[in-house]
């Protein structure tokens with residue numbers, strides 16, 4: 001969906017026509033002469049009503065992706081936040097367009113196609129710049145009955161999923177506290193997460209749709225790009241893929257009981273979203289601002305409407321006469337979205353901000369050095385003058401040895417000169433050696449601590465894997481430091497297996513190799529070591545590597561062999577889904 005003249009910065013809107021069911025009368029058409037127009041036949045054949053958008057889709061999944069998904073990918077790698085949200089009547093094809101058939105490459109929707117091209121683009125960039133590091137982190141949540149749930153968290157049968165809270169950080173960015181963040185290294189892993197999230201999503205059967213989504217689903221992909229060269233910008237962008245629950249009319253869906261309450265919540269949240277969009281619309285410039293805190297959905301999507309994001313909307317509509325009211329409502333909703341202008345900007349990472357600050361600090365220090373050099377010259381002249389005065393005073397002492405008061409005064413003056421000389425010499429030496437910050441003899445004891453964790457899924461599948469894992473602070477903030485680990489079965493000819501449950505009743509012997517770390521902050525490279533803990537262990541054992549000194553890229557080469565006897569299905573499931581090893585990297589400045 002290429003930018004049109006005058007559309008820069010506003011939400012881009014495409015409409016996808018849902019094929020009619022057998023026996024339905026078609027009154028909604030795509031204009032054969034204009035790929036941007038939707039025509040609705042009037043009663044009695046008296047003309048038609050036209051709605052115009054950025055693009056109208058009548059083809060397959062690839063047409064939608066090429067027009068929306070590929071431009072989103074380009075903007076995301078340039079450092080912009082991007083969002084695609086699918087809106088429309090229940091059963092009109094939103095989930096099909098966004099996800100499609102995850103088991104068939106031809107049937108992929110926007111999300112799996114985006115993931116495939118995203119990983120391929122990252123591989124090309126890393127191949128062209130060996131110092132580059134590109135990481136992907138995925139979360140998937142749903143908003144059901146005004147409750148936020150983690151779709152990738154393990155589910156317990158018969159137990160209500162945990163309801164999570166929405167918070168804001170110091171920069172007023174919205175995040176969900178407690179949601180699981182999953183690192184993605186391959187398309188297979190991404191598809192696995194999408195399948196799991198969709199399987200956990202709240203669905204139900206209505207008269208309009210046998211598998212109607214009863215919740216709003218949001219897939220968030222964080223793309224972190226770091227480059228070795230200072231000429232390249234380190235950026236971090238957020239991709240939102242939003243599958244909104246379908247708007248419903250109770251008279252058509254014939255929902256009752258829980259389904260009716262679900263429909264009320266869905267329609268209420270969509271109404272709040274529509275009001276928020278209207279408040280940001282250029283055509284509603286005089287209207288009162290509608291709070292984005294009106295619902296969980298509007299708060300989660302706050303940056304996508306009028307904020308720091310480039311946003312696309314895919315409106316899915318029915319072509320049938322019996323759905324005309326819902327179709328017109330969706331088209332009007334989409335036209336309101338076209339009037340919203342966002343304020344997207346490239347998201348520089350901490351390195352670029354710190355580089356600017358360091359340059360300013362260097363300029364400031366150069367000014368201070370010049371001032372200290374002038375002060376040094378002035379002090380040297382003062383030393384010369386004081387030396388002359390001292391010599392003169394010594395001569396006076398010789399002549400006034402008998403005068404006790406004079407001698408006391410001279411001794412006091414000499415003592416003051418001596419102290420001044422000592423202080424001056426220390427200051428001059430500090431300036432000469434460049435130790436500006438050590439003049440006051442102040443010191444502090446600081447250290448760096450980063451943590452990460454892994455499961456045993458790869459070993460249980462008989463795989464030999466090497467990991468490069470980004471280290472997190474205690475607050476969960478991703479640092480530039482990474483930990484390098486190798487994990488593999490001890491059997492020399494171990495075979496890979498698709499189902500880890502084949503190991504039930506058998507013993508598992510595997511090796512953990514803590515290779516080393518990279519990117520330790522320069523301020524804390526005096527002593528570095530890694531401590532890792534074996535979780536789910538009654539003895540609560542932990543292990544510590546040797547200590548590396550004076551290096552940002554320590555290498556420990558610590559190897560440890562573990563053996564777990566007589567595996568049970570419960571143990572295998574736990575080791576696949578939950579963290580087994582927790583790692584902590586400590587680095588000290590002294």
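Each Cβ is built from the backbone N, Cα and C atoms, and glycine gets one as well.
Feature annotation from TrEMBL assigns ATP binding site to 88, 89, 90, 91, 92, 93, 94, 95. The number of other CB atoms found within 10 A of the CB of residue 90 (ATP binding site), across every protein chain shown, is 23. Residue 90 (ATP binding site) carries neither a helix nor a strand DSSP state and counts as coil.
The average pLDDT for the coiled coil (355-396) in the predicted structure is 86. The annotation coiled coil is assigned in TrEMBL to 355-396.
Sequence annotations record features per position, and here TrEMBL assigns domain 'Kinesin motor' to 10-340.
When the binding-site residues 88, 91, 93 are compared by the number of other C-beta atoms lying within 10 angstroms of their own C-beta, 93 comes out lowest. Within the same chain, residues at least 6 positions away in sequence whose Cβ sits under 8 Å from that of residue 95 (ATP binding site) are 86, 109, 198, 213, 243. With a 10 A radius on its CB, residue 89 (ATP binding site) counts 25 other CB atoms from all the protein chains.
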